[in-house]
Amino acid sequence: MGSFAFISIIALLCYVFLLLALLAAKKNTIVNAFLLILAALILWTGGSFCMRMQLWPGLKIWYDVSILGLTLLAYAFYFFVSRFADLKKTPAGKFWLAVIIIINIINVATGYFLAAPKPEISDEGEVIFVYQYTWAIIILFGACALIILHMLYNLFRYYKNNTLAKGQFMPILIGIIVLFAGNIGIMLPFFTGFPTDILAGIINALFMFYALYKRKLFQLKLVISRGTCYVVTAGLSFVIFYYMISPLEKLITEKFSLSSRNTILVIVVIFTLFALILYYALKRFLDKIFIRDEIMQAESLKNFSLNASKSLDVSEILKEITNVIQKSISVRKIFICIADKKNSKFEVLHSTNPLENKKYNINVENPLIAELEKNNECLMMKDFRRTTEYKSMWEAEKKQLQELGIECAVPLMDDSGMMGIVFLCEKEKKAGFTYNDIVFLNSVKSIGSIAVKNSRLFEQAYMEARTDDLTGLLNRKYFYEILQQEFENNTGGCLSLIILNLDDFKLYNQLYGIKEGDNALRKVARIVKASVGASGHVARYSGKEFAIILPKYDLLSSKNLAEIIRKQIMNMNRRESDYTFKMLTVSGGISSIPYSASTVKELIENADMAIYKVKHSGKNAVMVHVGRNPNPEERTATRSESKETIYLEYEQTIGALTAAIDTKDHYTFKHSRNVAYYATELAYGYGMDEDFIEIVRESALLHDVGKIGIPEQILNKEDKLSDEEFSTVKGHVENSIGIIRNLPSLDYVIPAVIGHHERYDGNGYPRKIAGNDIPLSARILCVADAFDAMTTKRPYKAPLSVGESLQRLQEDAGLQFDPELVPIFVGLVNQGVIKICED
Amino acid sequence: MKFEEKLKKRQYSQLWQEYCGFLDLDIDSYMNIQNRLMQEQISLWSKCELGRKMLAGKQPPKTIEEFREMVPLTTYGDYADFLLQKKGDMLPDEPVIWIQTTWECGKHPIKVAPYTSSMLDTYRNNIIACLILCTSTEKGKFNARETDKFLYALAPLPYATGLMPLALNEEISIEFLPPVKDAMQMTFSERNKKGFKMGLKKGIDIFFGLGSVAYYVSLSVSTLGKGSSGKSSLMSISPKILTRFLIAKYLCKKENRDLKPKDLFKLKGFMCAGTDNRCYKDDLEELWGVRPMELFAGTEPSIIGTETWTRNGMYFFPDACFYEFIPEAEMLRTFEEEGYKPATYLMNEVIPGQKYELVISVLKGGAFVRYRVGDVYECVGLESREEGTRIPRFIYIDRIPTIIDIAGFTRISEHSIQNVIELSGLPIENWVAVKEYRQNRPLMHIYVEMKEGQILNTAVSREILKEHLTIYFKYVDSDYQDLKKILGMDPLEITILKCGTFSFYEKSTSKKLRRINPQPYDVMELLKIDKKDFKLMGRRG
């Protein structure tokens, strides 16, 4: 091959160049596999070149090296393809490697497969190498061929399952084909003496390199690539100079007939220019091909900016910040501290190490904060230590920064001041922060600041819209939203609701002042929240009511939880060294789907109901709403005795009020009693529990109490009422509420009283609500009220018969009356369960 | 990175900023540092045994105002139980070294002060600031280098002055003359002799000493080359200094004057400390060709202030102590009325032209809070255009009037003089002691009145009294002895007043004269009475 030796040298240089370039790159398994190919190629080409040149230490050794390279190349290809296709590691790989090693060991020791060639002088006087082939060579090349076949099989399998990868693998396939072609070419007479195999090796390596580049697997330091450029330029120039100098000299002296002195000058100029061009060409090649640090940084900044702008979640953004920094700067640890709500300290919200103790916080008065705020740029601790501000650092603060190993602080700021700080610890291998790092950090700072600001604003707005200012619990609006959500999420499962109502809170406020009252609310909120934890949602349901939504809680566990909370609240103020004993108790009502309610509305109503029950039975207790009784008759038996005990307290108030009505308007007094009778019977018939029935009874007795305020002449007017008079009469509903509202212990009758003139079709008064929006108690009252009004005599009308009245009720079912209640009522009257009151 | 490494990297402007940056502070930033560090100190102090005892069961103060309200001003006696027994674990922070000094001559032999690790860090930084400033000629320009030779005419450990070479050597390998290790074994004069001898060999770049001592030491240069011992010492002089010496000798002969240190050494920096420096500064400048830069350091407060390149008033370091100032009138009232609580003012409340007694709370875990150091300063300005500063500037006046300090050596109180008089057995009826200056040198002038009945049978001439009392002063106060031994000073002056002068003074002015440093006009009044024939006047009246 004589004069073509330069091809081997160029091939070697190419491989070494790629090897050097890749050694500087960030390693991964694919790059490592490619390095193995390069190493094999270098061994093969280098070994064979040195052998042909018969260099020291001897032909045999170089021959063995080249055979090792050749056989290793097969394995390297196999390994590379497995890694590139990301195939599972199988024992086959290790097996092939073992085969290669064993073959080589045997061959080195005995020359069994293919012995080293012997140099002979050919007829033309050139040195040729004669090989002694035996059948054993089949084992050597056969093994290699098997490995390559296995590789091709792998490639084919991957190719089949992964059409997207076709483009990626194309260069590798072409490279392999070229390599084969080159090795076949060596046998063709046309290429005699020309090392087509080596040339093919170069082309193959370049194709593979291209494949890696396409997969963006490189990240290279510019400095090292420049060094590589120098080395390769020098090597290539030397080789070319060595081979080209004599032909060039010949050319110049013969064609241009220059003197030998001038010839040297021209050659020197030509080669200087050549070397320069070569250098720049290589440099450009490197610049183009390798993704350099800066580009990587720019890329990651771009991605970071994109990701950060997509998210409104602070913790996600903080994660993005640490990710982008760690990708570009190899720091051991990063902490991000964010200002707390009061802006009094910065707390560690995120750290690269999840196991890190996050209890550190940095006081807002720390001089470090002032320094960061003043300069609004990345601050190196070693610089900070030299400032006058550092003089005012407390020893504990200095120690804290030292313990955390913080070397650099990056402020996150907006127009109103510092929002947070990113702390970077020591870089790996104790490398210092470079100028580039600082520039990069300042870019991260700018993007990060905006992202954190936006997400914090969003979070704040989100929280404000959903939480109660005073207690920090969910507000009523959000409570309904969550309850609905949980209801939908728990179809088929259970969902409990606890409502806690502070007892006599108005009195508490009056005794200790509103400020103390607010404190108590905060404390209660804390207790409830701590007790519920992550198993439910806590809301401030109304001024003095707290609601707890408990998904997957049944009645028993809800009751236990409610009891625990109740006891805690009762003992809440006990420890205070106050002169007065600020006892505060709570009444709790529990309702649960599916046990005692089936809709959200029912759930809330029933929990409310349970509270009324507690309030009646002496407060400071928790009660569970059990639901409608399917057998009303059974209830009746248990009802009266409990009624006596529970409602005795209120009976007197109601008695006093009804007595007042009696004095003013005897009819109304009687009417109220009748309505109470009809309504309670209807409620029993409908299957309501005793507490509900009691509320209905009391509501009925008081439903017209507002008539006290209506002049008698209007009440007893025989003629048709004028519009004005009619609106006065209509006003009795509000009057009733006005009176009842002053009796806090009876406020539970308000829903029934206020709604008893509402019509089912929505044309009633005063609120014009319709259908099931009208409380059940009011709908019951409405039927009972109308029935009594129809069957009794009034100055302006004669009484209707029972039949007629029932007829009217049925006609207006769905218009004025609840269509579900009317048939029950009619049925009860017809069955004689409801007796008609005497006029 | 140490100071020396930074010097080698030639980061001069950063170094100036790091160590002397406090000179650029405005008063608000200055107070911010003071307040923050004081806050830290309050929290440390309130938690320790010492603090709890001083608070006597009261809730720990939360703010500096509360602290100043709750904690009374203190003197060493308040700490003696804790400190003299070195009960480190009862202090705000564990001390790493105890520094010692004389407490009150004749009464208490010594007092000790604890230094914590972070106090020493601050001390180190501030002493480097002094080093930088003493070699500076204008703002930002200084000439301290690690190869400098440092002549050091101060006492070694356990005295506060001994900390300086140790602290400096941690940061920079300046060579001390003589080396610190050797100096500890030597007597004062040995140290000076050795220092100078080495200086002649190696040159002297920086000189630091008590003003009075520096002056005394400097004078000894003029004896160089005189006598036989001088001849032999000439042999070890470096060629450079020898040339300077020969030229100077020639010039001195021509100008008919003594040899001065400036003829031999070109000082880069000159620092002095102690009292009565203003008596010596001009002479020292004349001798060395460089005006000394005064700095203030003490055993209890550590190093707290320094002058700058202008040598025109001192600035207090913001991170060494928390400073409070008692105005002069308030201070004097505390001497008259026992139990009087004087008002104190902070650094941002001082008024130029006013004299103040300094009260310090040592920061960084120090033991002393609201401690009356016993020094009086005068505020000379709130800002300086020349230096570009915006913080108050002070000059050192003297010890508080109840203490007589001569040249930074003695601490003579009423008790010590009374003690000496009693020991001497002299029939002295009454006396006052006043610190006076003669030919710009401090002295203690005692005006005595002898017991009328005993004058006849005792020899009580002025000389006898002076001799007698001097002997007893030396006996009870080793510092007093050093005045003579080291500085060759004899600072006692006696004036005998007529019998009955004091009682007549008291009768006629109806006030009692303060025994130590009474107001100058009161002394004048006393002397006037002495001249009058008051006994006659008394009879007539």
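Backbone N, Cα and C define each Cβ position, glycine as well.
Caution: TrEMBL annotation is automatic and unverified by curators.
What TrEMBL says about this protein:
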- A:6-25: transmembrane segment (TRANSMEM)
- A:32-55: transmembrane segment (TRANSMEM)
- A:61-81: transmembrane segment (TRANSMEM)
- A:93-115: transmembrane segment (TRANSMEM)
- A:135-156: transmembrane segment (TRANSMEM)
- A:168-188: transmembrane segment (TRANSMEM)
- A:194-212: transmembrane segment (TRANSMEM)
- A:224-244: transmembrane segment (TRANSMEM)
- A:264-282: transmembrane segment (TRANSMEM)
- A:493-627: domain 'GGDEF' (DOMAIN)
- A:646-839: domain 'HD-GYP' (DOMAIN)
- A:668-790: domain 'HD' (DOMAIN)
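The recorded stretches the transmembrane segment (A:135-156) and the transmembrane segment (A:32-55) do not share 3+ CB pairs below 8 A when only pairs 6 or more apart in sequence are counted, and are therefore not in contact. Counting residues 6+ beyond its ends, the transmembrane segment (A:93-115) has Cβ neighbours under 8 Å at 64, 67-68, 71-72, 74-75, 78-79, 82, 131-134, 136-137, 139-140, 143, 147, 150 in the same chain. The list of residues near the transmembrane segment (A:61-81) in space but at least 6 beyond its ends in sequence, with Cβ under 8 angstroms from a Cβ of it, reads 30, 33-34, 36-37, 39-48, 50-51, 55, 87, 93, 96-97, 100, 103-104, 107-108, 114, 116-117, 140, 143-145, 147-148, 150-151, 154-155, 158, 172, 176, 208. Same-chain residues lying 6 or more positions outside the transmembrane segment (A:168-188) and placing a CB less than 8 Å from one of its CB atoms are 77, 80-81, 84-85, 155, 158-159, 195-201, 203-208, 210-211, 214-215. Broken down by DSSP into helix, strand and coil, the domain 'HD' (A:668-790) contains 89 helix, 0 strand, 34 coil.
In the domain 'GGDEF' (A:493-627), helix, strand and coil residues by DSSP number 65 helix, 32 strand, 38 coil. As a whole-number mean, the pLDDT of the domain 'HD-GYP' (A:646-839) in this prediction is 83.
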